[in-house]
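Reviewing the structure listed below.
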């Protein structure tokens, strides 16, 4: 009578009034999102240990990419000792790279990463005068008026080289910024002999990174 003992870590029992045995079991609350009970412990409620980074009710494991709300930033979940943290890295945009249009500079700080999109051929619309020139023998035809909607696809498209260690094979991929939807426009060309010529051209409405063609 009065003897007590434990059945495991969480169950406590006692003997009352001869053969009357009473046991109580301790309840362990659930671990927070992104954590689980450790596998080994010498106490009833094992310690909650993290499984990864938690963002917007989603658990990301170490090494996984995490969505970033900042422009020109990438984020990954990293493990340091027994903790997980989201590490952000800034993508620096080099405005002198070939995919930047001539005469266009980035003044926004921090710079906005250039994406494949329709861009004006010329910053000043008057610079488009004479853009279309057609020579027919001794006759030359040009547009005498500016073309304000003259655009081209420009921006950065990624390339990659992947190596599969197990298969000992490699694969490379390259995409180019190309029109995915375009409309046809026309412009009047004034010829040196006094005649007029209609020139049709394509204006991209949307641009996308698509597989390169034409030997690029």
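Glycine is treated like the rest: Cβ placed from N, Cα and C.
As written in TrEMBL, here are the features:
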- 1-49: domain 'VWFC' (DOMAIN)
- 116-213: domain 'CTCK' (DOMAIN)
- 153-207: disulfide bond (DISULFID)
- 157-209: disulfide bond (DISULFID)
Euclidean distance between Cα atoms of residue 207 (disulfide bond) and residue 157 (disulfide bond), Å: 11
Cα distance (Å, whole number) from residue 209 (disulfide bond) to residue 153 (disulfide bond): 10
Tally of DSSP helical, extended and coil residues in the domain 'CTCK' (116-213): 4 helix, 61 strand, 33 coil
Segment confidence, the domain 'CTCK' (116-213), expressed as mean pLDDT: 80
Cβ neighbours within the same chain of residue 207 (disulfide bond) - under 8 Å, at least six residues apart: 116, 117, 118, 153, 154, 155, 177, 178, 179, 180
CB contacts for residue 209 (disulfide bond) [other CB atoms within 10 A, all chains]: 19
Around the Cβ of residue 153 (disulfide bond), the count of other Cβ atoms that are within 10 Å: 21
